[in-house]
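Beneath this line is the structure, given in structure tokens, with notes to follow.
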Amino acid sequence: MDTSRIFVRGLPPKFSEDDVRKHFSKFPITDVKYFPARRIGYVGYKTPEDASNAIKYFNKSFIRMSKIFAEPARAIADKELPKSRRQQKYEQCAPRDDAYVPPQQDNNLKRKREDVEKDPKLKEFLDVMQIPSKQKAWANDDTQLGDRSAPAVEAVEEIVIPEGESDDEYQVMSKKPKTVEWKPSPEVEPVFEPERIVLDVNDAQTEVEESEELFDAPAVEAGPVTDADWLRSRTNRVLDLVEDDDDIPPPPHDAGTTEEQLEVEVAQPEPAQAEEAQDEDAAPTEEDKVRQTGRLFLRNLHYEVTEDDIREQFAKFGALEEVHVPMKKADGKGKGFAFVQFEDPDQAVEAYLDNDGTIFQGRLLHIISGKAKRNDALDEFAISKLPLKKQKEVLRKKNATAATFNWNSLYLNTDAVLSTVAERLNISKAELLDPTSSDAAVKQAHAEAHIIQETKGYFTKHGVDLEAFKRSAKGDVAILVKNIPHGVNSDEVRQLFEEHGTIRRFLMPSTGMTAIVEFANAGQAKTAFMSLSYKKMKDSILYLEKAPKDLFKEGAISTTVTAFTAAPDKPGAILSAQDLLEEEPESSNTITLHVKNLNFTTTTQKLAETFKPLAGFRSAVVRTKIDPKRGVLSLGYGFVDFSSSETASAALRAMDGYSLEGHSLKIQASHRGADAAEERRKEDAAKKAAGTKILIKNLPFEATKKDVRALFAPYGSLRSVRVPKKFDSSSRGFAFAEFSTKRDAANAMSQLRGTHLLGRHLVLSFAETEADDPELELEKMQQKVGSQANKVALQRLTSGGRKKFNVAGTDDLDEA
């Protein structure tokens, strides 16, 4: 399992998080989580290799008197993660998917009961019929009628004297009527949303009568009253209601109702759960948000994470438009989060589903949808309103980060080159470029080639790998500054870039015109690049380019041409001058060794470095395959080529069983047969190898044969120069220059590469060698044409397909 996080159990009881970090710091740590109550913890490392080595080192080891166990940690999103006992018990008790679950039915009786309980008549009846022992002493019985100002008076039953009863018989009655002190009780009227319910007309009229009876009742003074007064008040209220009953207008009828029905608005509370459910249904999911913007927001990242690390993690899901890691200006470290913008939103959703909750550099990665990037730049319509010159400046500044100058990284301004050379020779540029001379362009090309060689030598001396400029991968901390005007010293350029951050390394040769600036972190380099791109400096404009990755290497190989010495085959052998100048030819017939049991982390570069010290070593390669999720994976074996069988046999005896990255190598001779395509590739490579003839492309049409000869003559002995022409005697844009020896051709190639002639960049390459025997070449061409003709004839014979064959013959024969 490739994980960069480990799980540790069995830690000592009195252990802190700092102790855990200190104990497991043998490898770089990115995260530590410690649970003292359970004596377990998680330790995150930057790479899976570090985590694997930590498990091998710490597993079953002792801390004080406690034996600890280390194992790979699993992500939360891992489907194979074992379930807890509580989860297992819950799943066992939960109903199965195929089990029948009866539909949930509404309790109509309960609903009717609630409706009945809300009836005010029923409520009043229940309050009246309640036993006195359960009533509150301060309760007011008449408040149920709606009159808060009326005092609570105990009802007095009417005395009815039955017929035939004697007047001598009597009942004992209290002298004073019972009175209850009235206290107003505050009531909160609930606010409900009205709901239209259809009721009968009779019920509606009854509701109106009761409401008027409740609100139009006359107020009675608080205090004790006699039976006659109470009876009089009740009689008046009944008479008033009877008289007012005739004056009540009939309720209005709607057009769609009958005489028996009437729509009345009644307040009914709506459940809040329905609103919450609607809000939940309307809220978009996280996947929908990611699909809308195509941007991911990453959290819980390691503070030393770089844009390249995130780009490598998410590039396998699709094309990335932008990766942004916010940095702190103080120390240049990250803030723990980042943004990833995909070109295709569907690919962003796939990356979100596959990476959320996974382990990245020893920490649990948390991903949510990111908001769309704010674009404060001018749109195309606003740019079109500007003048043409301003439009070009705005567009060039806008595309500065994406622009590259791979065609010539060591670009030098022609005017600055001539000014520098004229200053060194203590002459003016007019004297250097003689207008009466016809080879002014050649002089300028020679001056540029000389300055380029000095610049290369200076950079190589200070640890710059010039081969890095051939690679397309760009770094994020170093900037290549070009087109610096003549007369600007290094202090001025350094002060210009120091305003945007701390400079770790600054290189600028004495010739000027080009400089390399390395910042302390990527954030400062990005700020400087955006601010100073195409900035005007004196009478020139600065061109900035992101420097390639691994630009600075300790002990870089020098490009200075050294004297060649050849070891004689026999002691005392006499060698001619031609033998000293000629290099050892590369043999096309190489012997290959098959190397097995390689570590999956071993790369082609590592394998080549291991076998490079051996005599006769040519090349090495590790076979790989492409995995859609994990990228390039090693197959565990490779091949090493040697120049001869003797050197291959010696390497086999010396390296068989050699331990490389913890694996014992198993080496044997490779017996793979070379097919026709491989033989053809070897022949083409041999033809295009370093020879004596150079092909000059992108040659100006104004250049003549004399200009080409004058340009290449100072670097070796020329055998011939040829400039092909069209039917109108004009140049075709390329030429050939053949030297006497391969060393002269290689010297001219290295000196003039990147030079300009009449403003055009010369592209140099070795031309294919001509055949020594023309008759043999003609015979090979005839064989090739004959094989192609045979293939065409065979295809015609086999492409006819099935045809109908009549055994009985044609109809004409039958009729005859």
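Using N, Cα and C of the backbone, Cβ positions are placed for all residues, glycine too.
It should be emphasised that the depicted structure is a prediction, and the values quoted were computed from it without experimental measurement.
For 4-75 (among others), the entry in TrEMBL reads domain 'RRM'.
Look at TrEMBL and you will find 79-116 (among others) tagged as region 'Disordered'.
Among the features that TrEMBL reports, region 'Disordered' is placed at 241-291 (among others).
Feature annotation from TrEMBL assigns compositional bias 'Low complexity' to 264-275.
According to TrEMBL, the compositional bias 'Acidic residues' annotation covers 276-285.
Taken from TrEMBL, the feature domain 'RRM' applies to 294-372 (among others). Using DSSP to sort the residues of the domain 'RRM' (294-372) gives these counts of helix, strand and coil: 22 helix, 25 strand, 32 coil.
Taken through DSSP, the domain 'RRM' (477-549) splits into 20 helix, 27 strand, 26 coil. According to TrEMBL, the domain 'RRM' annotation covers 477-549 (among others).
Annotated domain 'RRM' per TrEMBL: 591-672 (among others), in sequence order. Averaged across the domain 'RRM' (591-672), the predicted model reaches a pLDDT of 84.
Per TrEMBL, domain 'RRM' is recorded for 692-769 (among others).
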Verify whether three or more Cβ pairs under 8 angstroms connect the domain 'RRM' (294-372) with the domain 'RRM' (477-549), leaving out any pair fewer than 6 apart in sequence.
yes
Mark yes when the domain 'RRM' (692-769) and the domain 'RRM' (591-672) have three or more Cβ pairs under 8 Å (sequence separation 6 or more) and no when they do not.
no
I'd like the per-state residue tally for the domain 'RRM' (4-75) from DSSP, helix first, then strand, then coil.
18 helix, 26 strand, 28 coil
